[in-house]
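Step one of this worksheet: look at the structure below.
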């Protein structure tokens, strides 16, 4: 290594190495070098701290990030606007939105990057209303949105199924000539289709001057959402004709379309071609859609074999998909087998227990129902009542 071969290491060299480690995700090496430089007498500066924080990218590293934040407070770096902005980004990446917002609130003039980090963090944490509120606050300060932030906010409106802010964002994108950017157009397609306006989604797609696989994936997913599987396959064939390379999301959208349309033969073919023709290994989402497709077609044994072939550590969502098929076909025997595997998962959710309980209840298994209900009450879990609406 060039760094190790140098006779003398100054602060700039240490900062360069720490920043490099952080940018590549080697946070442990960055932290070790930080400790070493302090031990040999170098006083870290703001660039050192920024380099350290850049390597903290997941919730498991939150405690380390908090420690670095504490160091900033003790060293007086908290008054540095750039460091505060980086702290906001770090906390959002680690999923600690309370701390992110607390640091953000201390900034007198947050820049676009910091606003984006906060709004993106709220979106990723499922705090969609806070994301929209932050957008409105940002707008009141006269900050101009870029295409990335518009796309994030459109995804938020898709999750909330609220059309009004989506239309507002569309208008903003048109006024600032951002609507034709592929990222924004793809997000608009997704937003309009999920809010119940497939015709507007298709209009956006038709008017796109440039299209990539992301925009095609959005249209395929939109058709699948409405049960229009044949139209979804037409778009997929257009993808191949144009020489674009399908990705994981393409096959997620196709398998979802097959599942919604009950196209078992086509779904099996898609699942096979994904691996054989495009060298894409199935991920959790693929298996969820495929298992649901096969199971809902009444092929519960085949669906079980598919899940069982994945080994011991199977995502609860995949078992949950099979359990919902058992529920639809009232196959209590298979449901009991699946529930034993599912309820042993670390990620199991209370709604699966409620599903099993309802099946047992329908078959007169009162004692087993009571046992499951007592477990739910004992840990304070309640299934959220189903609510469906579209806000216009």
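Every residue gets a Cβ built from N, Cα and C, even glycine.
Taken verbatim from TrEMBL:
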REPEAT    10-44  repeat 'PPR'
REPEAT    111-145  repeat 'PPR'
REPEAT    181-211  repeat 'PPR'
REPEAT    212-246  repeat 'PPR'
REPEAT    247-277  repeat 'PPR'
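Secondary structure of the repeat 'PPR' (247-277) per DSSP (helix as H, G, I; strand as E, B; remaining residues coil): 27 helix, 0 strand, 4 coil. For the repeat 'PPR' (181-211), the list of distant contacts is 147-148, 150-151, 154-155, 157-158, 161-163, 166, 170, 173, 217-219, 221-223, 225-226, 390: same-chain residues at least six beyond its ends, Cβ to Cβ under 8 Å. Long-range neighbours of the repeat 'PPR' (247-277) within the same chain, counting only residues 6 or more positions beyond its ends whose Cβ lies under 8 Å from a Cβ of the stretch, are 213-214, 216-217, 220-221, 223-230, 232-233, 236, 239, 283, 285-286, 289-290, 292-294, 296-297, 299. Averaged across the repeat 'PPR' (10-44), pLDDT for the predicted model comes to 83. Look at the repeat 'PPR' (181-211): DSSP puts its residues at 22 helix, 0 strand, 9 coil.
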